[in-house]
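Input: a single structure, listed below in structure tokens.
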Amino acid sequence: MAQEDVFKKIVSHCKEYGFVFPSSEIYDGLGAVYDYGQNGVELKNNIKQYWWQSMVLLHENIVGIDSAIFMHPTIWKASGHVDAFNDPLIDNRDSKKRYRADVLIEDQIAKYDDKIAKEVAKAAKKYGDAFNEEEFRSTNARVLEHQRKRDALHERYSRAMNAGPDLNELRQIILDEEIVCPISGTKNWTEVRQFNLMFSTEMGSTADGAMKVYLRPETAQGIFVNYLNVQKTGRMKIPFGIAQIGKAFRNEIVARQFIFRMREFEQMEMQFFVKPGTELEWFKQWKETRLRWHKALGFGDDHYRYHDHEKLAHYANAATDIEFLMPFGFKEVEGIHSRTNFDLSQHEKFSGKNIKYFDPETNESYTPYVIETSIGVDRMFLSIMCGSYHEEKLENGETRVVLKLPAALAPVKLAVMPLVKKDGLPEKAREIIDALKFHFNCQYDEKDSIGKRYRRQDAIGTPYCVTVDHDTLTDNCVTLRNRDTMQQERVPISELDSIIADRVSITSLLKTL
Ligand code: GAP
């Protein structure tokens, strides 16, 4: 199945099984805004818990905060977001559609890559085992011509982006490459303009002189402006970290790929404050710690890679992304940045307050350097859905759709099913749920055949199903079915709690880190 089709299936699965709904659906939706359903919210909460506990429980020197979404507007001037958090936009005069100029050009580069890939695939089919891809790529005239055009475009585009960006040059590239609007099919383009991604609103009534405030585009600034409050009240000593989970808002123009790029999303960010000069050692350490956290979910090491940034923001001295293999390629899920003392120095300058750290060991004051780990909850959610979605052919010829979610993150841990709706089996099943519901999210299901009920639980990723049968009434044992292997074992009801707790708890997952 083409990866594009797999992705479409994952998106519709998310809706059909109560994970993610388009926002305001009965009003035809709201672009790039989504709601999480009954299963989605449980999965999302479990992701947040896994992250929070790995930061705050497992590190004595990391504490959490929850800062407000509204912040003093000067914060966003100091952070650079008011002046530089922009996308270059271009409109098509015929369709009236708005595009990101950089994305139009990147799509054009991808078209050259596709042409090359098609030539290679065609030749591989023609020559079979005798095909030498390397030789073909370096000698085939059509491939070489596509590659030449692609490299020239890439070079010109990089130069334009690095020059501010140079908006006139971006437009000229679009014209020279004869890029057309996908809706109108015309090249009737406007000038390229910079567009700020922050949403703004007004605080206070207009008569009083309302103040323009922003919906935060990242949670990090709430940590920076509180770092000294936390350090002093928590008697924290450098190195220490502050973690936060919260909503962020960006007026993304090209919102694509479902919950990958949203206008309202959630971030889990941790700023780690260190002594200047030690930051690159800490950067290396956090890079490794964070990749370990991802890999512990068990999707396979080949699903992850680092993307080290070659071009760094002027305030950063190292940066990398952790990318996950989605059906549409390796994509950034988390960023790890060594941000020097840029943010704290800017806040010191703009607020006029001394926010230096006093080091009791050396008796000196300094502005700490910061390592940031920043991950999107929704993007993590999407990567987990993509890694977990499987269609399997069964021995009896049927196909089952199963979400092989990491057990600790699954929305429902245990489904309890009476074999039949009579003979006291439903009552026994309820008794089991009543005993276990304090520890796990359990679901009761008595409708349809056992096979259909298993399929329903497979589709939402429930790791275990318990079947109560007539023997249960006398031997107090149940059948425990494993989602992934479909193996069944007979276990005493009295042992269910400990057997399952061990296999599905976040604590067990954290112990593997
Ligand atoms: N404080 C640093 C910061 O915000 P970022 O690379 O802009 O860095 C960090 O964002 C993470 O937030 C990304 O790796 C991604 O997971 C998530 N993210 C950013 N923009 C997003 C969007 N529009 N929709 C969903 N997630 C987003």
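The backbone N, Cα and C atoms fix where each Cβ goes, glycine too.
Mapped onto three states, the DSSP output places Ile375 (substrate binding site) in strand. Annotation for Ile375 (substrate binding site): same-chain Cβ neighbours under 8 Å, separated by at least 6 residues, are Trp51, Gln267, Met268, Glu269, Arg290, Val333, Glu334, Gly335. Residues annotated as substrate binding site in TrEMBL: Arg100, Glu218, Phe265, Glu266, Gln267, Met268, Glu269, Glu372, Thr373, Ser374, Ile375, Gly376.
Look at TrEMBL and you will find 150-418 tagged as domain 'Aminoacyl-transfer RNA synthetases class-II family profile'.
Here TrEMBL flags 250-252, 260-265, 332-333, 376-379 as ATP binding site. Its Cβ placed at the centre, Phe265 (substrate binding site) has 21 other Cβ atoms within 10 Å.
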If the criterion is a C-beta within less than 6 angstroms of any ligand 1 atom, which of the binding-site residues Glu252, Arg261, Thr373 pass it? List them in sequence order.
Glu252, Arg261
Neighbours of Phe265 (substrate binding site) among the binding-site residues Arg250, Glu252, Val377, Arg379 (Cα to Cα, within 10 Å):
Arg250, Val377, Arg379
Using DSSP and three states only, what is Glu252 (ATP binding site)?
coil
Enter the number of other CB atoms within 10 angstroms of the CB of Thr373 (substrate binding site).
24
What Cα-Cα separation, expressed in whole Å, is found between Arg263 (ATP binding site) and Arg100 (substrate binding site)?
15
